[in-house]
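Trainee: Following this message is one structure expressed as structure tokens.
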Amino acid sequence: MCPLTLQVTGLMNVSEPNSSFAFVNEFILQGFTCEWTIQIFLFSLFTTTYALTITGNGAIAFVLWCDWRLHTPMYMFLGNFSFLEIWYVSSTVPKMLVNFLSEKKNISFAGCFLQFYFFFSLGTSECLLLTVMAFDQYLAICRPLLYPNIMTGHLCAKLVILCWVCGFLWFLIPIVLISQMPFCGPNIIDHVVCDPGPRFALDCVSAPRIQLFCYTLSSLVIFGNFLFIIGSYTLVLKAVLGMPSSTGRHKAFSTCGSHLAVVSLCYSSLMVMYVSPGLGHSTGMQKIETLFYAMVTPLFNPLIYSLQNKEIKAALRKVLGSSNII
């Protein structure tokens, strides 16, 4: 039963006298319900993390764009991945930071679904780009003689565009379907972002087919890309172990190690969050998992790539004027 007498900010009852549905003007992102001093601490912590994430990924994207020696397919993919990370973290964190200092913590109906759309679309584009990067590594190590003829600049650009386009089309239909569903009061989403799991709890009518559709799409994009990456690196590992030179094996492992570390970091948190849709997870744990994937993963990705890659470190030193920081 929907509480007809409950008055909640942002809800307008339908004119029909016996209707229990409501038009939602806005949602309330509850976030972390804690004392004001802790809210200030979290705001400072996440603001610093956000600034470091933007700086790190921005530095890598800028350096790869400036240094013509790094205008190769591998670094073009990496530069686009860093650029994607900037937009991905910016799709949710700024609003989250505002809510830490706000008493109302509201977000408009359109704003909520736009945040949902960009958060999932950019995340899907990242998954696809990680898969393309694994394919690039496979060609470079397993098919070195054919690599220059296959992975041309033209194909590289096409693959990047394909990742962006497919990423933004993948969750378009679910977003439209969810936005058309009727809601009942209250309009409080017990989360830090507009996530589909807590949002489904506000529906007046159960929609298991739409939920199954959303989770199926999430599972397909996660497991499909993950299995392709595992398959690519299985072939890469077989080729590397067959190399007669220890120097060649070490170089190949160092090249693939950074990408594998990023893949492990991204997919481990993704599988926990969206393959098992909140079953057995407390609300607080779901918030922490989302924060980890939305903020911590983009923060560490540039560190992983820059610390393991001599070419990127050299380019950063050149751009920053041979600083001792790097």
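Note that Cβ sites are derived from N, Cα and C of the backbone, with glycine treated the same way.
Pulled the feature table from Swiss-Prot, pasting it below:
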TOPO_DOM  1-44  topological domain 'Extracellular'
CARBOHYD  Asn13  N-linked glycosylation site
CARBOHYD  Asn18  N-linked glycosylation site
TRANSMEM  45-65  transmembrane segment
TOPO_DOM  66-72  topological domain 'Cytoplasmic'
TRANSMEM  73-93  transmembrane segment
TOPO_DOM  94-112  topological domain 'Extracellular'
CARBOHYD  Asn106  N-linked glycosylation site
DISULFID  Cys112-Cys194  disulfide bond
TRANSMEM  113-133  transmembrane segment
TOPO_DOM  134-158  topological domain 'Cytoplasmic'
TRANSMEM  159-179  transmembrane segment
TOPO_DOM  180-216  topological domain 'Extracellular'
TRANSMEM  217-237  transmembrane segment
TOPO_DOM  238-259  topological domain 'Cytoplasmic'
TRANSMEM  260-280  transmembrane segment
TOPO_DOM  281-287  topological domain 'Extracellular'
TRANSMEM  288-308  transmembrane segment
TOPO_DOM  309-326  topological domain 'Cytoplasmic'
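A description of the local structural setting of each listed feature is requested, covering burial, neighbours and distances.
Mentor: Using a Cβ-Cβ cut-off under 8 Å and counting only residues 6 or more beyond its ends in the same chain, the topological domain 'Cytoplasmic' (66-72) has close neighbours at 311-312, 315, 318-319.
Below 8 angstroms of C-beta separation, residues 9-10, 24-31, 39-40, 42-43, 46-47, 50, 179, 189, 192-194, 199 of the same chain, each at least six residues beyond the ends of the topological domain 'Extracellular' (94-112), sit close to that stretch.
For Cys194 (disulfide bond), the same-chain residues 6+ apart in sequence whose C-beta sits under 8 angstroms from its C-beta are Phe27, Leu29, Ile107, Cys112, Phe113, Gln115, Phe116, Phe119.
Secondary structure of the topological domain 'Cytoplasmic' (134-158) per DSSP (helix as H, G, I; strand as E, B; remaining residues coil): 19 helix, 0 strand, 6 coil.
Below 8 angstroms of C-beta separation, residues 76-77, 80, 109, 113, 116-117, 120-129, 132, 196, 199-200, 210, 213-214, 217, 221 of the same chain, each at least six residues beyond the ends of the transmembrane segment (159-179), sit close to that stretch.
Away from its own ends, the topological domain 'Cytoplasmic' (238-259) comes close to residues 130, 133-134, 137, 140-142, 304-305, 308-309 of its chain (Cβ-Cβ under 8 Å, at least six residues beyond either end).
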Trainee: Within the topological domain 'Extracellular' (1-44), what mean pLDDT does the predicted structure show?
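Mentor: Residues in the topological domain 'Extracellular' (1-44) carry a mean pLDDT of 59 in this prediction.
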Trainee: Would the transmembrane segment (73-93) and the transmembrane segment (288-308) count as touching if the test is at least 3 Cβ pairs under 8 Å, pairs 6 or more apart?
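Mentor: Checked: the transmembrane segment (73-93) vs the transmembrane segment (288-308), in contact.
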Trainee: Measure the Cβ-based neighbour count of Asn106 (N-linked glycosylation site), defined as the other Cβ atoms within 10 Å of its Cβ.
Mentor: 17
Trainee: Determine, from DSSP, whether Cys112 (disulfide bond) sits in helix, strand or coil.
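Mentor: Note: Cys112 (disulfide bond) is helical by DSSP.
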Trainee: I need to check the long-range neighbours of the topological domain 'Cytoplasmic' (134-158): which residues 6 or more away from its ends have a CB within less than 8 Å of a CB in the stretch?
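Mentor: Beyond its ends, the topological domain 'Cytoplasmic' (134-158) has Cβ neighbours at 73-74, 76-77, 228-229, 232-233, 235-236, 239-240, 252, 255-256, 259, 263.
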Trainee: Give residue numbers and ranges for long-range contacts of the transmembrane segment (113-133): same chain, 6 or more residues beyond its ends, CB-CB under 8 A.
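Mentor: Tertiary neighbours of the transmembrane segment (113-133) are 74, 77-78, 80-81, 84-85, 87-88, 91-92, 95, 107, 159-160, 162-164, 166-168, 170-172, 175, 178-179, 193-196, 199, 221-222, 225, 228-229, 259, 262-263, 266, 270, 294.
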